[in-house]
Amino acid sequence: MSERKTRKLGVIDPSSYSNPEKVKVTHLELFLDINFDDTNLIGKVHVKCEKLKNVATGHLVLDVKDLKIHKVTNLSNNKPLNFDIGESFGNFGSPLSITLPDKENDDDSYVICVEYETSSQASALQWLSPEQTLGKVEPFMFSQCQAIHCRSIIPCQDTPSVKCTFKAEITAPKELIVLMSGIRDGDALPFKKNKLLWRFSQDIPIPSYLIAIVAGRLKGKILGPKSMVYSEPEIIKECAFEFSETDKMLKSAIAICGRYVWGRYDLLVLPPSFPFGGMENPCLTFVTPTLLAGDRSLANVVAHEIAHSWTGNLVTNINFEHFWLNEGFTTYVERKIVGAMYGEPQRHFHAILGLKSLEETITKNLGETNPLTCLVPKLKHLDPDDAFSDVPYEKGHTLLFYLETLLNEDGMFDSFLRSYLDKFKFQTVNTDDFKNYLYEFFTDQKDILDKVDWNSWLYCPGMPPVIPDYDRSLLNDIDNLIEKWRAWVPSDDCLFDSTPFKKSDFDTLISAQKCMFLAELLEKESLDINKLKLMHQVYHMEELQNAEVKFAWLRVCIKGRWKDRIPDALKFLNEQGRMKFVRPIYRDLYQWEYARKTATENYLQNRKYMMFVLSNQLERDLHLKKDLEN
C-alpha cells in the first residue's frame with residue numbers, strides 16, 4: 001500500500017473522488033461488528049462493480065475517510081489486489097484506488113472484498129454512553145451519512161450519482177436493537193458470546209448518503225399497516241401519540257406522488273444530539289425528539305420526510321450542486337400534503353413562513369451576492385455541509401410554486417409532478433433534466449415557459465426573482481397582535497392586570513402562527529425589554545413545549561438584550577443538537593458582545609456531545625476556524 005498525493009475530485013461529482021463514469025458500484029454487502037468498547041465498526045464490505053463498455057481503465061476508485069484498510073481481495077479467488085490511498089483533503093477524505101483483476105466474465109463485473117475498520121472519530125457516527133441516554137442503562141450509536149460522510153464508515157462511491165442495493169449482516173451486543181435503512185431479514189440470531197446477528201436488505205438502489213444504521217435500547221409501537229415508531233422505551237408513548245397521523249400523511253403523499261415502493265415507512269426518534277429535524281433514510285426515517293411538542297403541531301417535518309420517499313430517494317439529485325431537486329421538490333410536496341390534510345390556507349402560510357426564513361438567510365447570514373444563494377451553486381472543493389442552508393429548500397419551493405401558478409390549469413402541474421417522478425424513478429437527475437422534461441411535458445405552453453427568467457432563478461444569487469401571491473388570511477390575527485404590542489406604551493406604574501393583553505391571544509394561534517408572530521418581532525427593531533418581560537409573563541413563555549416556538553422566543557429575547565434569558569438560551573442549546581436551532585442562537589449570542597465569551601465557552605465545553613456535522617459548522621459561526629484552503 002502506498003500513499004498517492006492527489007486532490008483530483010470526480011468528473012460527475014465535485015464532492016467525490018470516485019470514477020463511476022468508468023466503473024460503477026451496483027451492490028454492497030456489509031459484514032460489520034459494532035464495537036462499543038473502541039467506538040468503531042470492524043469488518044468488511046463486498047463491493048460489486050461493473051466496468052462500463054468501451055471504457056479503458058484498470059482501477060476502481062472509492063471514497064474513504066479515516067478508514068484503516070487491512071486487506072483488499074478479489075472475492076472470486078481470494079487473491080489480494082493492489083491498492084493505494086491518496087492524500088486526504090479536508091472533509092473529502094481520500095481516494096482508494098483498487099487495481100481491478102483480469103477480466104473474468106463477459107459483462108466486466110467484479111466483486112471486491114475490502115477488510116477495514118472505522119476510526120473512533122468517524123464523522124458519520126455518534127456514540128453515546130449510557131449516561132447520555134434516557135434510560136441510563138445501555139450505550140447508543142447512530143449514523144448520519146448525508147452529505148458526504150458515508151465514506152467514513154464504508155469504502156464506497158460516495159456520490160448521489162451512484163445508486164446501489166445493499167445487504168448487511170451486523171453484530172451487536174445482545175441487549176441492543178439494530179435497525180437500518182432497509183428491510184430486516186427475519187429475527188436476530190445468536191452470535192458468539194453476548195452478541196446477536198442482525199440481517200437487512202435494501203433491494204431498491206439508493207445513494208450512499210441514505211445508508212443508515214442505529215443500535216440502542218429501543219422499543220417499537222405500531223402506527224399503521226406500513227408504519228412503526230421506535231424510540232427509547234421511556235418516551236415511546238409520547239412518540240406514538242405525536243406521530244399517530246403518519247399513516248394519513250402517507251396516504252396523502254401517495255395520492256399526490258403515486259405508488260409507494262419502499263414497503264415499510266418506520267420512524268425512529270433519536271436522542272437529542274441528532275443534528276437535523278429529520279433524515280429520510282428509506283424504510284426508517286430518523287427524526288429529532290424536538291418534534292415532541294405534545295400536540296402533534298410539528299408533525300409537518302414527518303410530511304417532509306415522507307415526501308422524500310419520492311423526491312430525493314426515488315428521484316435523486318446527481319450531485320449536491322443540484323440539491324434543490326431533492327429539497328425544493330420535497331418542501332413543495334410536504335406543503336401539498338399539509339394543504340390536503342389541513343387546507344390550502346395552511347399550505348400558503350407555511351410557504352410565507354419559509355420565505356421569511358429564506359430572506360433572513362440571504363440578506364443577513366449569507367449575503368445577497370453570495371454564490372451559495374444560487375439555486376444551482378458551484379461546489380468545486382467546497383464541502384456540501386459548508387454550503388448547507390435553506391436556499392435549496394425555500395428558493396426551490398418558491399420556483400415550483402411559481403410554476404404551479406403559471407401551469408396548473410385543470411391540474412396540469414399536478415399531473416406533471418407525477419409524470420416527472422414516474423419518468424425518472426430509480427434514476428439521478430440534474431437541473432437540465434428537470435427543465436427539459438418540463439418543456440417536453442408542456443409542449444403547448446412553451447410561450448409561458450420562455451417568459452420564465454431561468455437564468456435568474458437557477459444561476460443568480462439573491463432572493464427569488466418572483467414571489468408568488470400567497471393566501472395571507474392566516475396572517476391577519478398576527479398582524480393585529482403585533483400592531484397592538486407596538487402601539488402599547490406602558491406607564492411607569494402599569495400593573496399586570498391593567499394591560500390590554502391576555503394569554504388566549506397567543507394560545508389560540510396555531511404553532512406556525514406563533515412562529516410567524518415571533519419572527520416578525522425578530523425582524524423589526526428590538527422590543528423594549530419591559531414589553532418582553534410582560535410578554536413572558538402574560539403568555540407564560542416559561543411553559544413552552546413546542547421547540548420551534550421556544551427557539552423563536554429565545555431569539556427575540558437575545559435581540560432585545562435581555563440578559564436574564566441567556567441561561568435559558570444556553571440550556572436550550574445544551575439539551576439538543578438540532579442545527580436549525582443551535583446555529584442561529586449561537587450566531588445571535590456571538591453578535592452580542594456581552595454574551596460572546598459565554599457562548600464560546602459553552603460551545604467548547606459541550607462540543608464533545610455534538611455530531612461532527614454540527615460542531616464543524618459552529619466553529620465557523622463562532623470564528624474558531626479558518627476557511628478550508630482550496
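Cβ atoms here come from the backbone N, Cα and C positions, even for glycine.
In TrEMBL, annotation is done automatically, which means it is predicted and not curated.
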Record-annotated Zn(2+) site (TrEMBL): member among Glu321, Glu327 besides His304, His308: Glu327
Candidate with the highest Cβ count within 10 Å, taken from the binding-site residues Gln144, Gln146: Gln146
Neighbour tally for Glu327 (Zn(2+) binding site), based on other Cβ positions within 10 Å of its Cβ: 24
Separation of alpha carbons, Glu280 (peptide binding site) and His308 (Zn(2+) binding site) (Å): 6
Cβ neighbours within the same chain of Tyr393 (active site, proton donor) - under 8 Å, at least six residues apart: Trp324, Glu327, Gly328, Thr330, Thr331, Gly354
Integer Å distance between the CA atoms belonging to Gln146 (peptide binding site) and Glu305 (active site, proton acceptor): 14
His304 (Zn(2+) binding site) and Glu280 (peptide binding site), Cα-Cα, nearest whole angstrom: 9
Cα-to-Cα gap, Gln144 (peptide binding site) vs His304 (Zn(2+) binding site), nearest whole Å: 17
Pairwise CA distance, Gln146 (peptide binding site) versus His304 (Zn(2+) binding site), rounded so that it is a whole Å: 16
Cα-Cα distance linking His304 (Zn(2+) binding site) and Phe276 (peptide binding site), given in Å to the nearest integer: 12
